[in-house]
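Taken straight from Swiss-Prot:
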TRANSMEM  44-64  transmembrane segment
TRANSMEM  84-104  transmembrane segment
TRANSMEM  134-154  transmembrane segment
TRANSMEM  163-183  transmembrane segment
TRANSMEM  200-220  transmembrane segment
TRANSMEM  222-242  transmembrane segment
TRANSMEM  280-300  transmembrane segment
TRANSMEM  310-330  transmembrane segment
TRANSMEM  352-372  transmembrane segment
TRANSMEM  396-416  transmembrane segment
TRANSMEM  422-442  transmembrane segment
TRANSMEM  453-473  transmembrane segment
Amino acid sequence: MNSESLENLHRPLIESSKSFVDYRLETVLTDRELPYFRRIYLAMMIEMKFLFHLAAPAIFVYVINNGMSILTRIFAGHVGSFELAAASLGNSGFNMFTYGLLLGMGSAVETLCGQAHGAHRYEMLGVYLQRSTVVLILTCLPMSFLFLFSNPILTALGEPEQVATLASVFVYGMIPVIFAYAVNFPIQKFLQSQSIVTPSAYISAATLVIHLILSWIAVYRLGYGLLALSLIHSFSWWIIVVAQIVYIKMSPRCRRTWEGFSWKAFEGLWDFFRLSAASAVMLCLESWYSQILVLLAGLLKNPELALDSLAICMSISAISFMVSVGFNAAASVRVSNELGAGNPRAAAFSTVVTTGVSFLLSVFEAIVVLSWRHVISYAFTDSPAVAEAVADLSPFLAITIVLNGIQPVLSGVAVGCGWQAFVAYVNIGCYYVVGIPVGFVLGFTYDMGAKGIWTGMIGGTLMQTIILVIVTLRTDWDKEVEKASSRLDQWEESREPLLKQ
């Protein structure tokens, strides 16, 4: 073992097309003949190869896809300040609502496909993909009515009439994108569970260029407004979806996991919906949390300034968050694959390494934000008042970025293990019982404004992060391996619920 370890590290990361699990990591971690620090060094070398093979393209994909939303808001801001506020409100109140819900439901595929792939049950991946897509599309049908009635909903919530009217126009053009999400997220998780992430990165990069060109033409050449920008956003997402479908059909890498359309996709839809709902609750409670901050800001004094400054801060936070979400995807894939393959120590080690790297990057990002706090808003608007407000909120933004370097990664570990139901309860308590009420009291009762709202919400995030750290440190990884095997057996036999508290 000692003489071969270094040589093994220079072999290809993935030696066999049968599995994306490297059994050398588990072997190194269990080799007691190696000195402790030598064992950790060799394990780090193996895991870092895996981590950046998965995380780097995933981060790129998430940043690029989120970049389309940010570009849409930037162009809206150059149309007018009310248009920026309306686009931000429409995006936060409706688009991100559906984005979080459907992405959360899609994470059911992440758990099942990841563990099935690690266990070499390749034929089930395509079935899980199709079932999830059917369930998500059916979910989109009633959700589209929320978009159609966005104007009266926003007015009933107390948003200013002019902003609510403009926001509803923006939201109408976003209706096609929710169906794109319903197809994209299962595909995304299907590919990620097989460590296929680079093709999606190329597709997203090409789409971003198309999105930028079309948005520029719409605003500066044709003089169109919010509706055109939101329709272009929807069109861009459908480009991504179609390109990924073509890749799955044509690529030899998906030959064993995609065997064509199957009637099995329509079997057990209710059970799969329940599984997806448990996954959705966990992620939605996280995704909607920051959006509630923007909605509450619309009720403050001078709501236009509050919305503009918070929208810019949330856009910056979203860019940083996408980096953490890339590590979230890597953690989920690594943990689910290793658990499915029966490698408990490798799963635990991957959790530690991924969380540590993500945290260090988030600290660097927070320092950059604080250094550029007086100029960073000018990428979105020319208003000096908004720039001053953004600079004033930058310390809160920096703290949020650091916390987001830890929490999403641990959520990815939870998805890989199938802990979605448990984390959902944690999120309810920390976010909605503690964070939002405290933020509301500080923001409105004590008249601290956006700072008060954000302070309470940071407290909720901190509490949730601490709980997830404690739970992860106390995890019995051998038992998690047993649960992963049992979960796959239960799903194939359709005997018991997949996710237990």
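For all residues, glycine too, the Cβ spot is worked out from N, Cα and C.
Of the ranges 134-154, 200-220, 310-330, 453-473, the one with the most Cβ pairs under 8 Å to the transmembrane segment (352-372) is 310-330.
With pairs at least 6 apart in sequence, the transmembrane segment (280-300) and the transmembrane segment (396-416) have 3 or more Cβ pairs within the 8 Å limit; the two touch. Using a cut-off of 8 Å between Cβ atoms, the transmembrane segment (84-104) and the transmembrane segment (44-64) share fewer than three residue pairs, counting only pairs 6 or more apart in sequence.
Here the transmembrane segment (44-64) touches the transmembrane segment (200-220). Their Cβ atoms form 3 or more pairs under 8 Å, with each pair 6 or more residues apart. Long-range contacts of the transmembrane segment (200-220) within the same chain, counting only residues at least 6 positions beyond its ends with a Cβ under 8 Å from a Cβ of the stretch, are 57, 60-61, 64-65, 67-68, 71-72, 75, 78-79, 188, 191, 228-229, 232-233, 235-236, 239-240, 243-244, 247. Long-range neighbours of the transmembrane segment (163-183) within the same chain, counting only residues 6 or more positions beyond its ends whose Cβ lies under 8 Å from a Cβ of the stretch, are 76, 82-83, 85-87, 89-91, 93-95, 98-99, 102-103, 133, 136-137, 139-140, 143-144, 147-148, 150-151, 154-155, 225-231, 233-235, 237-238, 240-241, 245, 298, 303-304, 307.
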